[in-house]
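*Asks:* The structure's right below; bear with me while I get my questions together.
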């Protein structure tokens, strides 16, 4: 089984410039999900939305082409893709010729779909429907000037002057305000930080929490988000941990957690988890991305 420790992270790596799908390194979601009590049917919906800022290939005449790429990986897929392997895979397009943009998109979709769904069919009937492919969108240079920058909407938790003493996840800080009427509100913070579980490099994020139910104590919520500061976990895993801690501790009627992480190696990852069916948020970067 692939683990973070035997991934390309933290290792000296040769950068290949000829297409090689074997560079992709999927890691099973199940191990970290078991830590937060998710072992059967998922209690959430959603996806991991990636943006690639460093994608290039050659056309059939050898002329370089560039694009921004957006990828949408369903959270029900059994695997995540380790980000350095994703970067190495994209770099392998650099000196590879493709007939057109559609050929690049098709290759990306096929390879990434195979990686995130790998091993999904081991115990599945041969008559079962094929798993969905991931979403792939390429944005060409003539549209670059239309790329917006938006901050996450919501009431800022960062306005609160709280004392912070916990720097590893402390779900006991989460609580609801007793004897208050139910609310529907959207809260945001720019203070989420965690670390890569292999290299220890910092991962910075803005997070948005939308919920309906008993009002969540905002000071405790901010302290809880700050408590991830020295925590070692991948982006997707942090967001699922936040979702499950809120879901089990505060018992909202509805809940959605969305984080936008700053880019590393030309890639950003923006996980979204929700307790109910809804459209994915627009994959629009914020100022720090």
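Including glycine, each Cβ sits where the backbone N, Cα and C put it.
Bear in mind that the values here come from a model prediction, so they are computed numbers and not experimental data.
What Swiss-Prot lists as active site, thioimide intermediate is 196. Swiss-Prot lists 203 with the feature active site, proton donor, giving sequence analysis as the kind of evidence. Residues or ranges marked as substrate binding site by Swiss-Prot on the basis of sequence analysis: 81, 82, 83, 235, 236. Positions annotated as NADPH binding site by Swiss-Prot, on the basis of sequence analysis: 83, 84, 264, 265.
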*Asks:* Just to verify a number: CA distance, residue 81 (substrate binding site) to the residue listed as 'active site, thioimide intermediate', in angstrom, no decimals.
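*Replies:* Residue 81 (substrate binding site) and the residue listed as 'active site, thioimide intermediate' have their Cα atoms 14 Å apart.
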*Asks:* Between the residue listed as 'active site, proton donor' and residue 264 (NADPH binding site), what C-alpha distance do you get in Å?
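*Replies:* Pair distance, Cα basis, whole Å: 9 Å.
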*Asks:* Which chain neighbours of the substrate site, leaving out 81, 82, 83, 235, 236, have a Cβ atom within 8 Å of the mean position of the site's Cβ atoms?
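*Replies:* Neighbours found: 27, 48, 80, 86, 234, 269.
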*Asks:* Among 81, 82, 83, 235, 236, recorded substrate binders, what is the largest CA to CA distance in Å?
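*Replies:* Answer in Å: the longest Cα-Cα distance is 11.
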*Asks:* Pull out the recorded positions from the set 82, 83, 196 whose C-alpha sits within 10 Å of the C-alpha of residue 265 (NADPH binding site).
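*Replies:* So the list reads 83.
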*Asks:* Provide, as an integer number of angstrom, the distance between the C-alpha atoms of residue 235 (substrate binding site) and the residue listed as 'active site, thioimide intermediate'.
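*Replies:* Residue 235 (substrate binding site) to the residue listed as 'active site, thioimide intermediate', Cα-Cα distance: 8 Å.
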